[in-house]
């Protein structure tokens, strides 16, 4: 019974986190929300150590600290205002030739990866499945943000409400398809590779490509100065290192007591 309650609590907190992510995408810049999604890893590790009695070694604790510190740096240097706040602005951004060209390139790469490269090299090269899931993130996060913007006009009695409904349905369909395909290839990756290594690399690649897609679509970097850009780069790097320490080295047996052991040298 206790185990069921613990698992229920963990799934409940994950569900709340996803709802919070959706609300956050409608309120703050994507460039801030996406990297901060990594906070789910340290908090999940801490919850697992208390609820499921999983061991969190010294490197894992250091990773949690680095993730939180990097997140603070990201918050301080993030864009202070939204670049897209209305449905009309969203439609204009979606039809921008630069973004359309980017989507065509992403779709071409996905077709090559899914139908040609993945069947031959997917089970032996971890970057194949990670690339597929990360490229699909180019649709997932912008679609989530777009749904939040379009939903604001659906229930208004104005001529744009019908267009907002159609846009919301299209974005929902894109979001649903991308999530389903991502789940499929995440499961394939977990069958072939270590989940810790996959999770760490996936976070870095996924976040990088999502930030690229959001920068092209929403142009949130246009008002970011050099200092803030460098600050966000340092914060993202710090968070990434923290995630690697938590995920990749969680089975590494090391504690503070090992530092006090004498170094025995043999001739």
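Heads up, the Cβ atoms here are built off N, Cα and C, so glycines get one too.
As the structure is a computational prediction, the values presented were derived from the model and not from experiment.
According to TrEMBL, the transmembrane segment annotation covers 7-25 (among others).
If you look up TrEMBL, you'll see 31-52 (among others) marked as transmembrane segment.
What TrEMBL lists as transmembrane segment is 59-79 (among others).
Annotation source TrEMBL lists transmembrane segment at 99-119 (among others). Remote same-chain residues near the transmembrane segment (99-119) are listed as 93, 128-129, 131-132, 135-136, 138-139, 185, 213, 216-217 (criterion: CB distance under 8 Å, separation of at least six residues from the stretch ends).
If you look up TrEMBL, you'll see 164-185 (among others) marked as transmembrane segment. Long-range Cβ contacts of the transmembrane segment (164-185) within its own chain (Cβ-Cβ under 8 Å, at least 6 residues beyond either end) map to 87, 90-91, 118, 129, 132-133, 136-137, 139-140, 143-144, 146-147, 150-154.
The feature transmembrane segment is assigned by TrEMBL to 197-217 (among others). Outside the transmembrane segment (197-217) by six or more residues, the chain places 30-31, 34-35, 37-38, 41, 93-94, 96, 98-99, 102, 106, 126-127, 129-131, 133-135, 137-138, 140-142, 145, 186, 189-190, 236, 240, 243-244, 246-248 with a CB less than 8 A from a CB of the stretch.
Nonlocal intrachain contacts for the transmembrane segment (229-249), taken as residues 6+ away from its ends with a CB within less than 8 angstroms of a stretch CB, comprise 31, 35, 38, 41-42, 45, 57, 59-60, 62-74, 76-78, 196-197, 199-200, 203-204, 207, 221. Feature annotation from TrEMBL assigns transmembrane segment to 229-249 (among others).
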